[in-house]
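Student: Here it is, the structure in full.
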Amino acid sequence: MATLLRSKLSNVATSVSNKSQAKMSGMFARMGFQAATDEEAVGFAHCDDLDFEHRQGLQMDILKAEGEPCGDEGAEAPVEGDIHYQRGSGAPLPPSGSKDQVGGGGEFGGHDKPKITAWEAGWNVTNAIQGMFVLGLPYAILHGGYLGLFLIIFAAVVCCYTGKILIACLYEENEDGEVVRVRDSYVAIANACCAPRFPTLGGRVVNVAQIIELVMTCILYVVVSGNLMYNSFPGLPVSQKSWSIIATAVLLPCAFLKNLKAVSKFSLLCTLAHFVINILVIAYCLSRARDWAWEKVKFYIDVKKFPISIGIIVFSYTSQIFLPSLEGNMQQPSEFHCMMNWTHIAACVLKGLFALVAYLTWADETKEVITDNLPGSIRAVVNIFLVAKALLSYPLPFFAAVEVLEKSLFQEGSRAFFPACYSGDGRLKSWGLTLRCALVVFTLLMAIYVPHFALLMGLTGSLTGAGLCFLLPSLFHLRLLWRKLLWHQVFFDVAIFVIGGICSVSGFVHSLEGLIEAYRTNAED
């Protein structure tokens, strides 16, 4: 009897030891300690299988314990971390069917939020990358020539690729090998990359970049409104700064916005109006096709001003900020890649044609905003439509910037820097309204003192556009999915990071130099 008892105890101990070793080996294998030989790789695969069986057995034991009323009532409940495979941050992954649960939280809203089709998602991306900032692309061709045209194509390819890899960073494989969505935003991806040492550093960096880009976008809308109105009515005794003040007075009610329902009704009309404007400009350019100056398109570049063109082109493609939210709200997320391909192909073709045709028409006389080159009668009509579009587009980035600021700095809790902007009944507090008004006034002051559309666009594209579209997505992709990437994917990510970094620094420096030079010229005048 004693021999039988010792034999059973020995078998149990051996089984427990083997399972523990298998579990630890499986965890080490998944953490990145790759095998050096084929035999070791097979061994790790067996360890993974044993690890899976071990966890499945634990889960079955728990289910049996819950279903048996006469079991050990005093037994201690298992810790959740023991029955869920933990990776990276230490938090258990959601179950395989929890994609909607992850997508339904965070910035996506609740489950009752209606999903959008691939066509609607493509329309949103088109609105972002086919906006009125294409008006500065002919100015980029002025300083870049044929290389500027190549960059329009290259930027489309790279931004499409980085958008896809950014979405790939939202997903991971669970213990069953199923790909599930474990993150819901750009900030969540950044925090995951900086965990565990600095779990919030990445999110703060992304938030700062988002705020800068959104606020600069608002400033550009005010700048272009003042510029267009001033050039539309040069006979009126109203300066560009005065037109900017008038535009800001119209925009001041944006401070009272609680949601974008009222503004969203005009988005389709604004987009259609913009396409009509582009068609009018291209039609006028085609009417002067016999005078096109093909010899003016250069194969060489202006070394000092070409980096500004890079920033302008990159800024016209920025859409990465809202791609995680957009993909999370799609009815068929599997169609995201196809949607990105077609939207960026269309944007590349339309931008390239618009920039080339406009530059061929006016050559060296091309201005920062191409509509300023149109004859007076046509320019006034087109510019009024563009000003209306700019004013109606302003609330979108403004509201997004306010939301980022409120979530980052003005939330109730111990981590918040300031108290919440809203009272308990959901009403906006007076000082919160004051801060919103101050943000509108800040965009006005920047537009007054730096009224240079193309230079500001190049500065923003070099500073935050390249960071959010090139640098961070490639860096996050390498950090989170390193073990699963093929060699050519690693090469693409590293190349994009290096090239993007060089273009970002050079573009920022030269845009800043251009602004300083323009400011000195205005001061002398």
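Glycine residues also receive a Cβ, built from the backbone N, Cα and C atoms like all the rest.
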Student: Both VAL382 and ALA518 on the same side of the membrane in Swiss-Prot, yes or no?
Tutor: yes
Student: Per Swiss-Prot, which of 154-174, 490-510 is transmembrane segment?
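Tutor: It is 490-510 that Swiss-Prot annotates as transmembrane segment.
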Student: Other than its close neighbours in sequence, what residues sit by the transmembrane segment (490-510), given a CB gap under 8 Å and a spacing of at least six beyond its ends?
Tutor: 158, 161-162, 165, 304-305, 307-308, 310-311, 314, 458-459, 461-463, 466-467, 469-471, 474-475, 477-478, 482
Student: Is it true that the transmembrane segment (266-286) and the transmembrane segment (342-362) have 3 or more Cβ pairs under 8 Å, skipping pairs fewer than 6 apart in sequence?
Tutor: yes
Student: For the topological domain 'Cytoplasmic' (483-489), report the average pLDDT of the model, please.
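Tutor: Within the topological domain 'Cytoplasmic' (483-489), the model's average pLDDT equals 91.
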Student: Going by DSSP, how much of the topological domain 'Lumenal, vesicle' (154-204) is helix, how much is strand and how much is coil, in residues?
Tutor: 28 helix, 6 strand, 17 coil
Student: Could you name the stretch, out of 133-153, 205-225, 342-362, 384-404, 462-482, with the greatest number of CB pairs under 8 A to the transmembrane segment (306-326)?
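Tutor: Top-ranked stretch among 133-153, 205-225, 342-362, 384-404, 462-482: 133-153.
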Student: Restricting to CB pairs under 8 Å, which listed stretch, 133-153, 384-404, 462-482, is in contact most with the transmembrane segment (205-225)?
Tutor: 384-404
